[in-house]
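The structure appears below as structure tokens.
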Amino acid sequence: MAKQQLAALAIVLLAFLGPAACQLNLGLSITAGCLGPWQRIPILSLLCRRIRGPIPVLGSGSGSGLSIGYYNRTGSYSCPRAEGIVRNTVAEVIIGKNDTGMGAGLIRLFFHDCFVRGCDASVLLNTPDSESLRGFEVIDEAKTRLEQECPNKVSCADIVAFAARDPTYFLTGNKTFINMPAGRYDGNVSFANETLPNLPGPFSDLQDLKDTFYAKGLSRDDMVTLSGAHSIGLGQCRKEA
């Protein structure tokens with residue numbers, strides 16, 4: 001149980017790394033986040049499918065403003081069943097298919113997303129790191145259902161965050177639930193040369209790890225807590241020899 005609680009704490013820390021930008025209606029087919037590379041990419045078929053090819057850059061910087069129950073409020077982005085839809089999608093895999101490893105995969109997906117450009121779903125774009133990750137099909141399925149429920153409301157960045165939160169609930173026998181802040185905007189760029197320098201490496205020593213986490217504004221205790229998320233799921237041996 002302690003291992004799963006460490007994973008839960010890891011998700012809480014990651015939740016507050018995510019950027020959210022103010023809205024700026026440009027009169028285009030998208031609603032873009034002002035002053036930052038965060039945008040709600042329009043749904044043409046399946047929004048959260050990994051995107052191939054060049055993506056335009058909006059600029060630099062980000063805003064803030066995550067909140068609990070973001071989609072429960074009234075207004076243009078109201079979608080009260082959003083979190084429940086994601087949770088049911090995750091449950092069908094972890095509980096319905098008895099794939100507990102997917103729970104670890106979804107947590108890891110969120111970690112890799114947050115550590116490169118903030119929790120902006122840029123991990124869903126075509127990046128070298130994406131080949132070592134899993135859970136994309138769960139995000140795609142959740143997004144498909146959300147588009148049927150409330151089109152163009154819920155960002156992929158929030159779906160990735162909710163989908164990382166929910167495995168902890170199921171893996172602890174429905175005992176650990178985290179109130180996940182939401183209101184993130186989707187990133188529209190992902191650069192290969194930013195991936196490896198921003199992620200802790202398999203051969204990093206203690207000082208390298210501390211430096212990597214400090215660069216994200218995280219303490220040594222945060223590093224230990226986040227590392228505890230590795231206590232669920234299975235590791236790969238290909239990096240060892």
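Cβ atoms are placed via backbone N, Cα and C, with glycine included.
Looking at Cys150, Cys156, Cys237, the record from TrEMBL puts Cys79 in a disulfide bond with Cys150. TrEMBL names the disulfide partner of Cys119 among Cys114, Cys156 as Cys114. Closest to Cys114 (disulfide bond) in space, going by CA atoms and restricting to the recorded positions Cys79, Arg108, Cys150, is Arg108. Comparing Cys119 (disulfide bond) with His112 (active site, proton acceptor), their Cα atoms are 9 Å apart once rounded. Between the CA atoms of Cys79 (disulfide bond) and Arg108 (site 'Transition state stabilizer') there is a gap of 26 Å, rounded to the nearest whole number.
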